[in-house]
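> Pasting a structure below so you can have a look.
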């Protein structure tokens, strides 16, 4: 008998100037609830890490997908976000061993999926599975930024996670761009054009 699995899907990293956009997909296990799921943006980094480990341990299945800076520059950030979400659902389905019945997507549009999907504005505050997906995406992306900081400490990625802050702008001005910067984003493009 096939179970009805509903997965939540959310992304992290649309706004940064560097790195991949990352999506998470999670099917929660009603027999193994996780307390305290909220939108990852409202949680401290320590709390997010704790909940991430709980999700890894207790969720029925989870998946991660991403779109690289090169893909973002090629197809634009919106399409890259949809691609990352689709990849996250595909990763979840591979781990689950079957496709979920439906995907609940945070936001106002859905990626092209081979299953039913529903967009829910502010879904990360309304649906626990979307909140869990938000946490998976955010922690995964933050870890990528910390690893990128090890390679390029001069940019301060571990502090601002690639977002367009004054410190990031100052580093761009001083050091130029690295290979992981999104060249289609205006501040990075201005550095490349010498007009920053």
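Each residue, glycine too, has its Cβ placed from N, Cα and C.
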> Which one, 91, 106, is listed by Swiss-Prot in the same divalent metal cation site as 10, 11?
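Swiss-Prot names 106 for this divalent metal cation site.
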> Setting 10, 11, 106 aside, what same-chain residues sit with their Cβ within 8 Å of the center of the Cβ atoms that define the divalent metal cation site, listed in sequence order?
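Near the divalent metal cation site, beyond 10, 11, 106, sit 9, 12, 23, 24, 85, 105, 107, 123, 124, 130, 133, 134, 137.
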> Counting Cβ neighbours within 10 Å across all chains shown, tell me which of the binding-site residues 10, 11, 106 comes out on top.
10
